[in-house]
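A.B. asks: What follows is a structure written as structure tokens; I'll ask about it next.
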Amino acid sequence: MTAQQNILVLNLGSSSLKFAVIQPQSGHVALSGLAERLGNDARFEYKFDDQKHDIELANGAVHKDAISTLISTLEQNNLLTTLAGVGHRVVHGGETFSESMLITQENIEKLDQLNHLAPLHNPVNMEGIHSISELLPQIHQVAVFDTAFHQTMEDKAYLYALPYELYEQHAIRRYGFHGTSYRYVSQKAAQQLGISQSDSQFLIAHLGNGCSACAVKNGESVDTSMGLTPLEGLPMGTRSGDLDPGLSEYLNQQLDMTQDDIMTLYNKQSGLLGVSGISNDMRTIQQHAEKGDRRANLAIELFAYKIARYLGALATNLERIDALVFTGGIGENDALTRSLILEQMTIFGFKLDGERNQQNGDESGRITSDDSTLAMVVATNEEMMIAQDTQSIIAQLQDEGA
Ligand code: ADP
């Protein structure tokens, strides 16, 4: 093993920076952490050697300040010299990027042209790339896209039934997200079942704060629930998922809501939070449901029902279901939601094994009985996938002698 064995994985949100130093083969995390509330009352915390540390950031510190603090932290903990490269999670790769790519000047220019597709996300991701270029000019950087895995969808799946010119002239189509998670989980599920990925058919439900579902056939995404933006599809923590497009006009005309009000309603005030009126967090909602709160119960039931309905639709892309795979914070940990979804899908032959489900899966992840269509839990690991892509792109570069 060379000295440079680790990859720094960066995930920038609108006011946050998540980071991890990962050994790509083993998945070992040497250091990880989070800077939050950037631009405001920022805080920076990290874990190293099983110890948690807090660092004070100057008032108003922004992403670049947090990255600079991160680099000093890596230096102090003797990790900076172990880095082989930096992998960035980039939300939108449009139709330009169907796989992870090395950051070069030419690719940066192509990426800049995609900002209009994800104006809240991509420019922030670019800030991360530019900050690293300035602070660590020698290091190789790789971008890993949330959308890339879904570029295998056929046009009948990715097009909206809108005038075709909107696609041709403005790139308006469905892209899908959570692709890095689906790629990891579909590989891992095939491994755990001892089947070949090139002959596998999975339905995958990624249920976290953001939720989506995907049909993955022979290792490729055939269709997914998110669209041009992550708002389409399943209900989520605070997002509504699918709605009648006529609702926006109704809210505007009848309730006098502006475009901004309506988008805030759909993105920030709906989903589990909107229906329960309590929280966007499934654990909190379940605590209230157990005490008999009607809307908390309704939020859980509606969430499971609509997910089952979508999974049923996605199943029409498959010839068989090798497994329905649950992942994400809710998918991996919440026995109740999984059981409600499977009860709604008995037509597909699912029979829950209560004990396996309570344990979040047996040793191979199964939560169903032996005579059932298989459903299982697989823990996602997007950071590891980003680290592996980064490492393999850098290795290729070194092979080419660049
Ligand atoms: P993100 O999409 O932000 O990465 P996560 O994948 O961490 O989010 O998922 C967060 C969701 O997972 C929250 O709704 C949280 O309540 C839920 N969750 C985490 N652990 C459990 C648990 N043990 N039981 C039920 N829900 C859980």
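Cβ atoms here come from the backbone N, Cα and C positions, even for glycine.
All annotation found in TrEMBL is predicted automatically rather than curated by experts.
Below are the features I grabbed from TrEMBL:
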ACT_SITE  Asp146  active site, proton donor/acceptor
BINDING   Asn11, Glu382  Mg(2+) binding site
BINDING   Lys18, His206, Leu207, Gly208, Asn209, Gly210, Asp281, Met282, Arg283, Gly329, Ile330, Gly331, Glu332, Asn333  ATP binding site
BINDING   Arg89  substrate binding site
SITE      His178  site 'Transition state stabilizer'
SITE      Arg239  site 'Transition state stabilizer'
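Give me the lay of the land around each of these features.
C.D. replies: Taken residue by residue with DSSP, Asp146 (active site, proton donor/acceptor) is part of neither helix nor strand, so it is coil. The Cβ of Asp146 (active site, proton donor/acceptor) lies under 8 Å from the Cβ of Arg89, Val90, Val91, His92, Gly93, Phe177, His178, Gly179, Thr180, each of these being in the same chain and 6 or more residues away along the sequence.
Under the three-state DSSP scheme, Glu382 (Mg(2+) binding site) falls in the helix class.
Within 10 Å of the C-beta of Arg283 (ATP binding site) there are 11 other C-beta atoms, taking all protein chains into account.
There are 29 other CB atoms within 10 A of the CB of His178 (site 'Transition state stabilizer'), with all protein chains counted.
According to its DSSP assignment, Arg239 (site 'Transition state stabilizer') is coil. When Cβ atoms from all protein chains are considered, those within 10 Å of Arg239 (site 'Transition state stabilizer') total 26, not counting its own.
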A.B. asks: Whose Cβ, among the binding-site residues Lys18, Arg89, has more other Cβ atoms within 10 Å than any of the rest?
C.D. replies: Arg89
A.B. asks: If you skip the near sequence neighbours and keep only those at least six away, which residues in the chain come within under 8 angstroms of Asp281 (ATP binding site), Cβ to Cβ?
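C.D. replies: Within the chain, Asp281 (ATP binding site) has Cβ neighbours under 8 Å at Gly237, Leu272.
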A.B. asks: Looking at ATP and its recorded binding residues Lys18, His206, Leu207, Gly208, Asn209, Gly210, Asp281, Met282, Arg283, Gly329, Ile330, Gly331, Glu332, Asn333, figure out the farthest C-alpha pair and report it in angstrom, whole number.
C.D. replies: 23
A.B. asks: List the binding-site residues Asn209, Asp281, Arg283, Ile330, Glu382 whose Cβ sits under 6 Å from any atom of ligand 1, in sequence order.
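C.D. replies: Near the molecule: Asn209, Asp281, Arg283, Ile330.
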